[in-house]
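**Q** Dropping a structure here in structure tokens format, bear with me for questions.
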Amino acid sequence: MKQDFLDRMKEMLNDEYALYLETLQQPPYRGLRINTLKIGIDEFQKLDLYALKPTPFAKDSFYLDAAVSGVGNHPSHLSGMIYLQEPSAASAVSVLDPQENDWVLDLCAAPGGKSTQIAARLNNTGFLLSNEIENSRANILLSNMERCGVSEMMVSNASPAALCEQVKGWFDKVLVDAPCSGEGMFKKNAKALEDWSIEHVKACQSRQLHILDSAYQALKQEGVLVYSTCTYAPEENELVIQKFLAAHKDMELVDCNVKFGRAGLSGYGINEAYVRRIFPMDQGEGHFIAKMVKHGEQELSPIKEIKALKLNEAVQDFMNKQGCAPLHFYEQQGKVYGRAAPFIKLDKIRILRQGIECGEIIKNRFEPHHAFYLASVNQPYFKQSYELKPDEIKTYLHGDVINAELKGYTAILYQGVGIGFAKGDGRILKNKFPKGLRVNSF
């Protein structure tokens, strides 16, 4: 650890500084979140796959023992039943408290932990716009949204300023999980530790304020804005909130109204009792959360809907045979997408995905996509499915055929949850599990 950083922590923590130093010698907290889009909390726990202990940060968040390995290759993860997430990272969405039918913007969303958590709370209702400015991270975000079966969503790859200029006043709730100096991640992120300096902290503050200014535009009147970081620096936390509120007089800081963590630092011109700080002594690696409400009026950007596609015969035949939730469909360059609500058009914004990628029309036939079978909204509608036997799980995940007397496209289930698909010829199921996801062991 850099001495400048430790000196700041000593001043910040006073009598608890020695406790903080002790936490640096311990392994980082590990956790997972049960994805209730795919499986209920009690139902998952009955599978007895892992020894889980509840965290204080969210009802679907659990501690995972540091000795457990291979979770990323386990079928519970590949099917989207769980999301691996540092425990305190689940805190911000608990404060945001999205409700069914809300329109929610996650402005700095990669890798997707908070977006998938929001999606589970929305339960395939409302609308979730998940944005990431960095191209490579946006693709990771999309893959996690797909794996977790999210359908009522859009994933965009844009600057916050460009995006929010087009969605003024759309959202009931906006989350800014801001890029930061990452002081709470030092134990598992060597680059964050290497990059740390006072100058970097100040540069992060400037960027954070610009992102909040953009988020402000997207928020409707009486909408909720939650700001979070995984750092301890007051310049990126309390001071950012003070500066933002000073620039936006119609924004009110309100109580996070949660029991976890502790109050913020005093002396920064805000009500420190309303914000929450989480240190390693508070059962998580580190987080800061502030909740604000917008009372001023907001200009509203028009919402442009895309006309739904009338399905061609090949697609309609597939949907009738396989079974699918009642969706609006949209076609782009031969690929077919579906979501329950009408599709939305955004100009000059790179959209990686809107709704579910159902499949592709190839020479008048329809080839389904892996994401179609992961989508939680479709699970109750599949007319033909196959539950993997215990000795077939590794076979399927390895990409090998399954012996089963079924014909046509078939949803493949693990513990009742879609994990992929196959195509039967009456003797075997030919494996369609994506080659890039195949594993040899877990």
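Yeah, the Cβs are placed from backbone N, Cα and C, and that goes for glycine too.
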**Q** Have a look through E86, E132, E199 and flag the one TrEMBL assigns to the S-adenosyl-L-methionine site that C108, A109, A110, P111, G112, G113, K114, D177 belong to.
**A** E132
**Q** To the nearest whole angstrom, what is the C-alpha distance linking D177 (S-adenosyl-L-methionine binding site) and C230 (active site, nucleophile)?
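**A** With the alpha carbons as reference points, the distance is 8 Å.
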**Q** Just to confirm my parser: what is the rounded mean pLDDT across the domain 'SAM-dependent MTase RsmB/NOP-type' (20-295)?
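**A** Computed over the domain 'SAM-dependent MTase RsmB/NOP-type' (20-295), the mean pLDDT is 97 on the 0 to 100 scale.
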**Q** For C230 (active site, nucleophile), list the number of other Cβ atoms lying within 10 Å of its Cβ atom.
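**A** I count 26 other Cβ atoms within 10 Å of it.
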**Q** Per the record, S-adenosyl-L-methionine is bound by C108, A109, A110, P111, G112, G113, K114, E132, D177: how many Å separate the farthest pair of Cα atoms?
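**A** Binding-site diameter by Cα atoms for S-adenosyl-L-methionine: 13 Å.
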**Q** Roughly how many angstrom lie between the C-alpha atoms of C108 (S-adenosyl-L-methionine binding site) and C230 (active site, nucleophile)?
**A** 13
**Q** According to DSSP, which of helix, strand or coil covers A110 (S-adenosyl-L-methionine binding site)?
**A** coil
